[in-house]
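Student: Below you'll find the structure I mean.
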Amino acid sequence: MIVFPNCKINLGLHILHRRADGFHDLETIFYPVQIKDALEVLAHGELHFNSSGITVPGNAADNLCLKAWHLLKKDFPDLPAVNIHLHKHIPIGAGLGGGSADAAFMLQLLNDKFRLELSATQLINYAAQLGSDCAFFIPNQPCFATGRGEVLQPLDLDLSGYSMLLVHPGIHVNTGWAFGQITPQQPELSLQESILQPVTSWKDLITNDFEAPVFSAHPILREIKEQLYEAGALYATMSGSGSAMVGIFGKNKIAGILWDASYRVFEII
Ligand SMILES: C[C@@](CO)(OP(=O)(O)O)[C@H](O)COP(=O)(O)OP(=O)(O)OC[C@H]1O[C@@H](n2ccc(N)nc2=O)[C@H](O)[C@@H]1O
Ligand SMILES: Nc1ncnc2c1ncn2[C@@H]1O[C@H](COP(=O)(O)OP(=O)(O)O)[C@@H](O)[C@H]1O
């Protein structure tokens, strides 16, 4: 069985306060984006994982696909061993939640392939144990998210009438480090209300708390944001803790930019 985990962007992100468990309560809008990995699982004699495409940092044994299998195996002792192949295409450490997407798609795939009959709510509970933004990839539709990012409220938001440019300059931002740079505070404007306003007004309404510290550490990201506006973006933002930068444009209204050859640039129409 093969599935194609997609990534997400964050439209606005506020960090509200630090919790006793070390995590932070936040509010954000998750929006699915169709840049995808490929994840294939075959029933096999013993558990095996390999990957191709972009190199995933860390040990293969720590890959979130394997963690998803082990998590279900604890509750379903008869879950068969599987042979997993991941082709990695989604930029890593980019604020696109690619690892979380792989984990959530793995849970869903195992649920379907081995008829575990887990409900969406149960899958969300498993996903939340694997990563704070992992739960989003179960409904995988635009959501207003609170809590650690796992409390999801579907949102009627459709950007298919716009074009989107996603620019990844290859900088890997560590999520834990990024949270450590923030002094949590209550936002001045309600994100839930701002997102309902026209996209043309988002520039003045919708902010990402990670931009200030991450732009300080990597000033090139501020320049990319400015370039996106110069190219005609109606709204430009960093996704999550970065470093992917997103521009939302009128349909087919992206002015040509000569990006640095080392950047990965995705045009999503
Ligand atoms: C910041 C966000 C915004 O969507 O995404 P990315 O930019 O990483 O994609 C998410 O909150 C990231 O979620 P995820 O990448 O799953 O984070 P986790 O693995 O759960 O946590 C990584 C580390 O980030 C910190 N963390 C994460 C989530 C949260 N609500 N509070 C935190 O303080 C913790 O220090 C934790 O050890
Ligand atoms: N399948 C996977 N894909 C990407 N990263 C993974 C995966 N499994 C584990 N990881 C670990 O998760 C870290 C962050 O991954 P990623 O989801 O790309 O970050 P972000 O949440 O910033 O988009 C990586 O540095 C890597 O060590």
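The chain as shown is numbered from 1 upward.
Including glycine, each Cβ sits where the backbone N, Cα and C put it.
No curator has checked TrEMBL annotations; they are predicted automatically.
When I checked TrEMBL for this same protein, it listed these features:
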type	residues	note
ACT_SITE	LYS8	active site
ACT_SITE	ASP133	active site
BINDING	PRO91, ILE92, GLY93, ALA94, GLY95, LEU96, GLY97, GLY98, GLY99, SER100, ALA101	ATP binding site
DOMAIN	63-137	domain 'GHMP kinase N-terminal'
DOMAIN	201-252	domain 'GHMP kinase C-terminal'
Student: DSSP says what for the domain 'GHMP kinase C-terminal' (201-252): how many helix, strand, coil residues?
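Tutor: Within the domain 'GHMP kinase C-terminal' (201-252) the tally stands at 23 helix, 11 strand, 18 coil.
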Student: Could you count the residues of the domain 'GHMP kinase N-terminal' (63-137) that DSSP puts in helix, in strand and in coil?
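Tutor: DSSP classes over the domain 'GHMP kinase N-terminal' (63-137) add up to 42 helix, 7 strand, 26 coil.
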Student: Where among the binding-site residues PRO91, GLY93, GLY97 do you find the Cβ with the fewest other Cβ atoms within 10 Å?
Tutor: GLY93
Student: For the recorded ATP site, enumerate neighbouring residues of the same chain (Cβ within 8 Å of the Cβ centroid of PRO91, ILE92, GLY93, ALA94, GLY95, LEU96, GLY97, GLY98, GLY99, SER100, ALA101, site residues themselves excluded), in sequence order.
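Tutor: In sequence order, the nearby non-listed residues are CYS7, ILE90.
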Student: For GLY95, GLY99, listed as binding-site residues, tell me which one has the smallest number of other Cβ atoms within 10 Å.
Tutor: GLY99
Student: For the recorded positions LYS8, PRO91, GLY93, GLY95, GLY97, ALA101, which sit with their CB under 6 angstroms from an atom of ligand 2?
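Tutor: Only GLY93, GLY95, GLY97 meet the Cβ criterion.
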Student: Given LYS8, PRO91, GLY93, GLY95, GLY99, ASP133 as the recorded positions, which ones have a Cβ positioned under 6 Å from some atom of ligand 1?
Tutor: GLY95, ASP133
Student: Taking ASP133 (active site) as the reference, which of PRO91, GLY97, ALA101 (the binding-site residues) have a CA within 10 A of its CA?
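Tutor: Of everything listed, what lies within 10 Å of ASP133 (active site) (Cα to Cα) is GLY97, ALA101.
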